[in-house]
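Noted in TrEMBL for the protein shown:
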type     : residues  : note
TRANSMEM : A:6-27    : transmembrane segment
TRANSMEM : A:59-80   : transmembrane segment
TRANSMEM : A:92-110  : transmembrane segment
TRANSMEM : A:140-160 : transmembrane segment
TRANSMEM : A:192-215 : transmembrane segment
TRANSMEM : A:221-245 : transmembrane segment
TRANSMEM : A:257-278 : transmembrane segment
Amino acid sequence: MDSLLSQLPIGLSIGAVLLLIALGLTFTFGQMGVINMAHGEFIMAGAYTAYMLQDWAGSQAVVVALPVAFAIAGALGWVLERLAIRHFYGRPLDTLLLTWGVSLVLQQAARDIFGAPNVQVVAPSWLSGRIEVLGGNLPYARLFIMVLAIACVAGIWAYLNRSAQGRRMRAVMQNRELAACSGVATARTDQLTFFIGSGLAGVAGVALTLIGPVGPSLGTYYIVDAFLVVVAGGLGQLRGAVIAAGALGMLNSYAEFWTDASLAKVIVFAVIIVFLQLRPQGLFVLRTRALT
Amino acid sequence: MRNPFSRPLMAAVLLPAALLTACGGESKSPAAPGGGGDTIKVGVLHSLSGTMAISEVTVKNSETMAIEEINARGGVLGKKLEAVVEDGASDWPTFAQKAQKLIRKDKVAAVFGGWTSASRKAMLPVFERNKALLWYPVQYEGLESSPYIFYTGATTNQQIVPGLEYLTKEKGKKKLFLVGSDYVFPRTANKIIKAYAKANGMQILGEEYTPLGHTEYSTLVNKISAAKPDAVFNTLNGDSNVAFFKQLKSAGLADPGAMPVMSVSIAEEEVKGIGVGNIAGQPVAWNYYQTTKGAVNDTFVRAFQARHKGAVTSDPMEAGYNAVHLWAKAVEKAGSTDVAKVKAAAAGLSLDLPEGKVTIDGSNQHVYKTARIGVIQPDGLIKEVWASDEPIKPDPHLRSYPWAAGLSS
């Protein structure tokens, strides 16, 4: 029974990881409808940013890297949007192939620049402890990821709902033509949306260096989970993503506890498939006239 | 044996390979392979691109170094060796195709290559059909002995069984938790471990598998924490090791004194990516370390690092290096590169190599190897803490172990 309870914080912390990797996608995929297979590689770019900053910031690199990774991954995303994706708006299948190709290119680039073996990112010493919650261990590193995920959600929520630019972003997603008629620069809004979405992937990448490998294939380990969260939560829905990530985290945690890791994956996928049969639009739905 | 991806691909390879042979027809097999000119051709077949390249390129480097060493002292049978290097591209059908090409077109005297069990299984029928020789340099799951393959890496009784013996007999660990990636090597290894445990009064508290590339280990760590084992036996492969050790460490369970985690797939090269702080003090089981004592190894490490600055030398690299030297010695002894004669000459052959004295067992074409348990040091190298008294006779089917009866059926 003790270990049953101790799976609870684990489920929450898995949920926080899922939420963090999916947040960026709620912008690029959720809001804009771009199936961005290179999202995982923006996560990887964030992780390598933390690695590179170690020379300069030492063991505090993970903290310093958060804003830097946001800028770098965001810039990568912006370049991708300007050079390629904007020519494919409204053609989801072509975008899928295009961004998948880009993801392969970015993986190989990382291999050429940093080498194929994993690299080491040293966690700050103040993240090395743990607290006991419900009879289980909750490492500070996991707590940090939870706090970061909450902070990101709060920041995004405030931006979308309280800032003028955030409202313009929502306006473009909900009705592009009307927004354009009202004087919103839709192309520039697209660029900004893509920048923020990609930048959030970079932030997730920095956090993941605390718990996982840092190597060229890092992005491929998380991309599917990120899409699962966004699809289950409902496209473009922040609260949908939050609830879906939490639910999937719990499901993962208990499914693996009662069975094993391989079977847990099967169970999660099965549940999502059944759920999407019943509710193809995801948890929450917003009527939009997005780019499609 | 690391990272073997889809085994269904193996089936796909058999067909084209078989067709190739059929089209080629039975060639008038020449007296001895390797070419009749001034040189003897040998094949080097590893993944130089793709996901396995990281590991296999290092083995290719040590094998070509051995070939150059042999040439520097005058070659074999008065002829220089000529390496034909091919890229298996981390793709098992490609391994079979390239092996066929090396044997049929280049007419090489022997091929040194392979890493994953999947690539070996893909090449096996090609070598058997052509009656050609493959020298395979990586520790693997055993239960195989092809007459056309020489295995210079460890089989299970030279790595996994000694690893277990170290935990029980040296450290008094009786309760084990098994963690592995979900594919043939860990599952076979754990079958052997469970049979051993049953016969030796050990308890298996848990057996968990995770998919290759799995990165979320908090639930598994929680299960280990709840089971309270004396030790963990780890057959995880690739990047999962990084996530596992990081999360074990942050959960406060990375105490090698209280609960050692014995790994069989982590060598010098992998330690860097895991982060030495997360894994220092943990035991590993191999047959060779860069720090292995001996003049032969000192020369080997120096020569290798002179070619590749800052490189480490690992067990599979050493086994690949050994393979070339053992083959050359067998050819000298046979006076020919003819496969049947080389096989006959290789039986019982012995050489002083970086890991110590290595002898080929003619009955199964594996080699006698000293088992070594090492502990990962804060500098990232591995220090030997225990070794078998003498090189262990290879027993791929574990026939000499009563507790293993029924495993190899």
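Including glycine, each Cβ sits where the backbone N, Cα and C put it.
No curator has checked TrEMBL annotations; they are predicted automatically.
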Item checked: For the transmembrane segment (A:92-110), sequence-distant contacts whose Cβ falls under 8 Å of one of its Cβ atoms, 6 or more beyond its ends -> 33-41, 44-45, 48, 76, 80, 84-85, 215-217, 219-220, 223, 292
Item checked: Dominant neighbour of the transmembrane segment (A:221-245) in A:6-27, A:140-160, A:192-215, A:257-278, by Cβ pairs under 8 Å -> A:6-27
Notebook entry, point to check: Residues sitting near the transmembrane segment (A:192-215): Cβ under 8 Å, six or more positions beyond its termini, same chain?
Noted result: 17, 20-21, 23-28, 31-32, 34, 36, 39-40, 42-51, 62, 65-66, 69-78, 80-81, 85, 110, 116-121, 123, 127, 141-142, 144-145, 148, 152, 156, 159, 165, 169, 172-173, 221-222
